[in-house]
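Have a look at the structure below before the remarks.
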Amino acid sequence: MVRFYNNQCGLQAFGQANNWNYGLWDYWARFTSPNKNVKVYVGAPASSTAAGTGYVSIDTLKTIASQTRNSFPSFGGIMLWDASQAYANNRYDLAIKNALVAAGGTGFTFPSCSAPAWSAGTGYSGGSKVSFNGYIWQAKWYASSQPASNPNSEWSAISACSGGGSTTTPTPTPGGNCAGVAAWSSSTAYTGGAQVVYSSHLWTAQWWTQGETPGVSSVWVDKGACTSMQAAKTSHPSEASSKSTVSKTKNSRFFKF
């Protein structure tokens, strides 16, 4: 069972490629786990009082369960915390059970790889979908790397699939203007929205960060190759450019489960 509540990748994040990560667990179940018959259950709170975050209405949970079941062969079902709260919440447990039973038990049929095949050397804007290595992937943000099943990947697997994908070539995302933007420095603290230049690309911080390398840490969003480098400069801990804000106080940070 994977707990999809009380964390950033909870049920409230379903459909958000940069948070919802069931695809990681499906890949693990199919290709990493020594038990090839293992199933991945979605852990869900049975009522609004059962967890701090992650509770969704029964209709929303039905949608999540149905779509996940139709997208990933490792899906095993729903686990609720806990039975007493599910019972008191208008038989939340029975409602999701009936929904899964009504969907039938005919086995898993792989959806077709309907997204365009991933193309090396192409830049993809956030939300773009590609087919690669038996999965349909969605870009969490600007993506140029090969889709990979790891938490730091620019891509999130949103469905298993069969076939090679279509051959439509997406339009590359244009790079940002890097003029006047300071080069990234490991000793500088950046707040959300700050921009830096690293490896000839423009990067934007999603939240407070220090010492986390662009392209390695998910805190940085790649905005594309620089179209202008004329005024880019090296930054130091004591200075801030007009486009990057230095923070002296370390705020809270987010971690994925």
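From the backbone N, Cα and C atoms, a Cβ is placed for every residue, glycine too.
Annotations in TrEMBL come from automatic prediction, not curation.
The compositional bias 'Low complexity' feature in TrEMBL is assigned to 238-249.
What TrEMBL lists as domain 'Chitin-binding type-3' is 115-158 (among others). Averaged across the domain 'Chitin-binding type-3' (115-158), the predicted model reaches a pLDDT of 93.
Marked as domain 'Chitin-binding type-3' by TrEMBL: 181-223 (among others).
What TrEMBL records for 231-257 is region 'Disordered'.
Per-class residue totals from DSSP over the domain 'Chitin-binding type-3' (115-158), listed helix then strand then coil: 0 helix, 17 strand, 27 coil.
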